[in-house]
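Asks: Look at TrEMBL and you will find 6-155 tagged as domain 'Ferritin-like diiron'. Residues or ranges marked as Fe cation binding site in TrEMBL: E23, E58, H61, E103, Q137.
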Amino acid sequence: MAQCRQNYHEECEAAVNKQINLELYSSYVYLSMALHYDRDDISLGGACKFFKKSSDEEREHAEKLMKFQNKRGGRIVLQDVKKPQKDEWGTLLQAFETALDLEKLVNQALLDLHELASKHGDSHMSDFIEETFLCEQVESMKEISDHITNLKRVGPGLGEYTYCKDLSS
């Protein structure tokens, strides 16, 4: 057992490992989206840039959780990262709708993690989840929702292309 471990319930430790996997999965999905929109037959550079940035952010979340796990004396148990459910992401609107669903899934998992920490009286973990993730999740969901609203306005084809030009700037 780690010397620094104190007030860190095994259930919390396991849940952090599960969250690490979800964050890595999210990063993988966003990377798949970025590469899809970077294809020469699609060529929506703004979308590629947005989803690549989102992928990097999700990977950074996983890394923050790993550092937290080590600081608390827990053990990081990496699991297989599931393949994204799609290889083709369709219209940009469809991709952003999928992204919003993913962000909601991650947000709920973080809320569950926060609740678990509270249940076990782990103030440090509760604070860490709040300060590091929850506000950022709300901002991400709002940003993606705004993109969905605007993409519905402009429509597919030339509308998406023009919208992506604005995303790149």
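FYI, residue positions are counted from 1 along the chain as it appears here.
Backbone N, Cα and C atoms are what each Cβ position is placed from, and that goes for glycine too.
Remember, it's a predicted structure, so these values are computed and weren't measured experimentally.
Give me the local environment of each listed feature.
Replies: The average pLDDT for the domain 'Ferritin-like diiron' (6-155) in the predicted structure is 96.
DSSP classifies H61 (Fe cation binding site) as helix under the three-state reduction. Cβ neighbour count for H61 (Fe cation binding site): 23 (other Cβ atoms within 10 Å of its Cβ, all protein chains included).
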Asks: Across the domain 'Ferritin-like diiron' (6-155), what are the DSSP residue counts per state (helix, strand, coil)?
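Replies: Once the DSSP states are binned, the domain 'Ferritin-like diiron' (6-155) shows 115 helix, 0 strand, 35 coil.
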Asks: Write out, in the order they occur in the sequence, the residues of the chain not among E23, E58, H61, E103, Q137 that have a C-beta within 8 Å of the mean position of the C-beta atoms of the recorded Fe cation site.
Replies: L22, S26, E57, V106, L110, F133, E136, S140
Asks: Find, for the listed binding-site residues E23, E58, E103, the residue with the lowest Cβ contact count at a 10 Å cut-off, counting only other Cβ atoms.
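Replies: Ranked by other Cβ atoms within 10 Å, the binding-site residues E23, E58, E103 bottom out at E103.
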Asks: Tally every other Cβ atom lying within 10 Å of the Cβ atom of Q137 (Fe cation binding site).
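Replies: Q137 (Fe cation binding site) is surrounded by 18 other Cβ atoms within 10 Å.
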